[in-house]
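Okay, handing you the structure first.
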Amino acid sequence: HTGEKPYACELCEFRTAEPRNLNRHMMTHTGEKPYACDLCDYRASQLSTLVTHKNIHSDERPYACTSCDYRAKTSGDLKRHVGTHTGNKPHACEFCDYRTSRPGHLKTHMRTHTGDKPYACDICYYRARTSGHLKTHMRTHTGDKPHACDTCDYRASRLDDLKRHTLTHTGDKPYSCGLCEYRGRTSGHLKSHMKTHMGN
């Protein structure tokens with residue numbers, strides 16, 4: 001109750017009144033992560049962080065939005081969601097009009113300007129801007145096709161390929177020519193059609 005903090009970190013300015021707090025703090029320097037998730041490979045330096053992580057394995061969504069029916073697994077997810085109601089997008093690109101509520105999204109967006117592709121395939125020379133793009137690319141090596149058509153046996157490695165395939169069942173032709181009545185199932189079909197309007 002005196003406010004005295006006799007336990008000091010030797011590596012930074014951190015001080016605390018409790019020895020257990022100092023022990024927990026030291027893990028931020030050592031990288032020690034003694035708390036392991038029993039459902040995946042995740043490890044944490046603090047028990048509270050592990051408890052928050054374990055929400056992703058549960059269907060429980062204790063954090064409720066007061067503006068709509070959305071419920072979140074973590075307070076951070078709820079905070080990001082609330083930004084969709086307020087329009088709060090504090091993270092702005094310095095090169096174009098792009099704005100976002102999430103710093104990670106801005107970091108990824110910036111790569112469209114810098115050309116930076118930090119994710120490298122360890123089988124070929126392919127490099128990607130996002131981990132998601134690399135994951136999709138890896139299926140060209142593994143043959144994995146997780147996207148299945150619910151009408152036939154077709155499977156695709158990319159969601160875009162499945163969407164394009166689905167049009168063969170629905171008959172939808174969303175790509176329309178601005179010069180005639182032609183409509184195509186894919187942008188490639190429309191592109192080929194447009195050549196018929198160009199002079200030889």
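Numbering starts at 1 and runs along the chain as displayed.
Note: Cβ is positioned from N, Cα and C throughout, glycine not excepted.
The domain 'C2H2-type' annotation in TrEMBL covers 7-34, 35-62, 63-90, 91-118, 119-146, 147-174, 175-200.
Burial and contacts for the listed features, if you can.
Mean pLDDT for the domain 'C2H2-type' (7-34) in the predicted structure: 84.
Long-range Cβ contacts of the domain 'C2H2-type' (35-62) within its own chain (Cβ-Cβ under 8 Å, at least 6 residues beyond either end) map to 24, 27-28, 71-74.
Applying DSSP to the domain 'C2H2-type' (91-118) sorts its residues as follows: 12 helix, 4 strand, 12 coil.
With DSSP states grouped into helix (H, G, I), strand (E, B) and coil, the domain 'C2H2-type' (119-146) comes out at 12 helix, 4 strand, 12 coil.
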Please give the sequence-distant neighbours of the domain 'C2H2-type' (91-118): residues at least 6 beyond its ends with Cβ less than 8 Å from one of its Cβ atoms.
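Those are 80, 83-84, 127-130, in sequence order.
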How does the domain 'C2H2-type' (7-34) divide up by DSSP, counting helix, then strand, then coil residues?
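Summed by class, the stretch gives 12 helix, 4 strand, 12 coil.
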